[in-house]
Amino acid sequence: MAAASSFNLLRCPNYNISLRNSKTCKRQFSSVKSQGSFRIKSVGLKSSSKKIHGCQSIVLALVEEKGEKEDEKTDDSLQEREKVQEFPLKVPERDFAGTPYIPVYVMLPLGIIDQQCQLVDPESLQKYLITLKSANVDGVMVDCWWGIVEGQSPQKYNWSGYRELFDIVCRTKLKLQVVMSLHECGGNVGDDANITLPKWILQIGEDNPDIFFMDREGQRNKECLTWGIDKERVLRGRTGLEVCFDYMRSFRMEFNDYFEDGIISEIEIGLGPCGELRYPSYPERHGWKYPGIGQFQCYDKYLQKNLRKAAEARGHPFWGRGPDNAGHYNSRPQDTGFFCDGGDYDSYYGRFFLRWYSQVLLDHGDRVLSLANLAFEGTRIAAKVSGIHWWYKTASHAAELAAGFYNPSNRDGYAAIAQMLKKHDTALNFTCVELRTLAHEEGFPEAMADPEGLVWQVLNAAWDAGIPVASENALPCFDRDGYNKILENAKPRNDPDGRHLEAFTYLRLSPTLMEKTNFYEFERFVKRMHGEAVLDLQA
């Protein structure tokens, strides 16, 4: 699957200690003894950029004192006697032995199936899958790309490469999570393959570019079809929804044996760019860079018609337009009239527009998941929601609003999504569970990001709605700190209801993951997700 598009650029260390807290630091190092004696010179500690066995080092300035206590020395004499040493600060790891079993899946490479729908390098793949099985991984996730399977002409489906792939997975005794990938691959963070939408769709788009999302400047985004054509027969006699349903039904019929044998454990339904339920509001191809707020994507003629109709029904026809003061892709909220504190986002017009914009997103998810339940009756289905955590600490939550999540500080924008998923017995798959807020405060303080706060809000919205919750990491993760954060989110400490994730999918299988040290950490992580004991817990 295309890499999760939340642009989480740094991971935080596996602890949360204020380096300015002198009492904490003194307690941590109270056992330090010297030959002769040492005393802590300064409690204004600075964090070293090094890491020792995954633990950040704290540089302490120690001043040697020889013999009996002397009167205070002058600053000059003290400076001559300073000796700087490093001590690793090891934070105890939580023991997950005996905790609930959470299945772990691994995403397969994006380009594992080529443009002719042939499996790439099956021998190497089989070796990798055997290695994953040896670590007791439960299964793998694979994207079934619309642009490959129905790439040449309408309703001509080629599943041959996926049949060969599924056979290998089956022989390895692994389960399958399958993604109905109705979007383009390429151009987002982590994308190492280029898979366009079907050629015949692109041909239609040459004559009618409004089948794609468009921003205020008129730039088209060909990552996926606009939701404005869900019910419009503009795709050679079919609507956007009919094209989606026909694709899902073809897959279900082609791989009926894998459904009957229980090999396919879940179908994830692609609902937007990167397979996520969101607008394509922050495309790198249009110049977006983290932590820009992005842009509203509602300017194709079909969504504009929908907006005008909604404004007329509201009794204010002049509201049938997008905001003209919402900035550009790389604007900051405070630099715009719409997203700034006290801005138009919270005006009568702003609330109308944002309700409409987010409702279009909900309606699209509602319609597609209704059809998915028809196509995959009896099989668990899931939908992915992206973790847009930048500007989360501001009042407007501008980046979320642009992506279609109506979640300003005075409103819960994820409860409605959870209720829509519950209506269709659909699990929520959420990203960025490996990220820590502290790292973003240090690396990108201007982004006002809070991935931990966002994860907590979304997971609780889903749990409160009573739907299963799964997750995946947003960026490749190989270190113990990242794994520990995933575990903490997967199995919250002291949750009175014992809530936990239903599954976790690791992004992604690669030669780097298979390196000895990295795979050891991954295998250790899998054991802890399964509730097994490990012998090297950091004390």
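Residue numbers in this text run from 1 along the chain shown.
Here the Cβ of each residue, glycine as well, is placed from N, Cα and C on the backbone.
Quick look at what TrEMBL lists:
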BINDING   D143, H183, D191, K384, H389, T431, N473, A474, R508  substrate binding site
ACT_SITE  E276  active site, proton donor
ACT_SITE  E472  active site, proton acceptor
Legend entry - Cβ-based isolation winner (fewest other Cβ atoms within 10 Å) among the binding-site residues H389, R508: R508
Inset, instruction - Would you kindly give the Cα-Cα distance separating the residue listed as 'active site, proton acceptor' and H389 (substrate binding site), rounded to the nearest Å? - result: 15
Inset, instruction - Can you grab the distance from D143 (substrate binding site) over to the residue listed as 'active site, proton acceptor'? Cα atoms, rounded to a whole Å. - result: 15
Inset, instruction - Looking only at C-alpha atoms, tell me how far the residue listed as 'active site, proton acceptor' is from R508 (substrate binding site), rounded to the nearest Å. - result: 10
Inset, instruction - Measure from the CA atom of the residue listed as 'active site, proton donor' to the CA atom of N473 (substrate binding site) and give the result in Å, rounded to a whole number. - result: 14
Inset, instruction - Between the Cα atoms of R508 (substrate binding site) and the residue listed as 'active site, proton donor', find the distance and write it as a whole number of Å. - result: 17
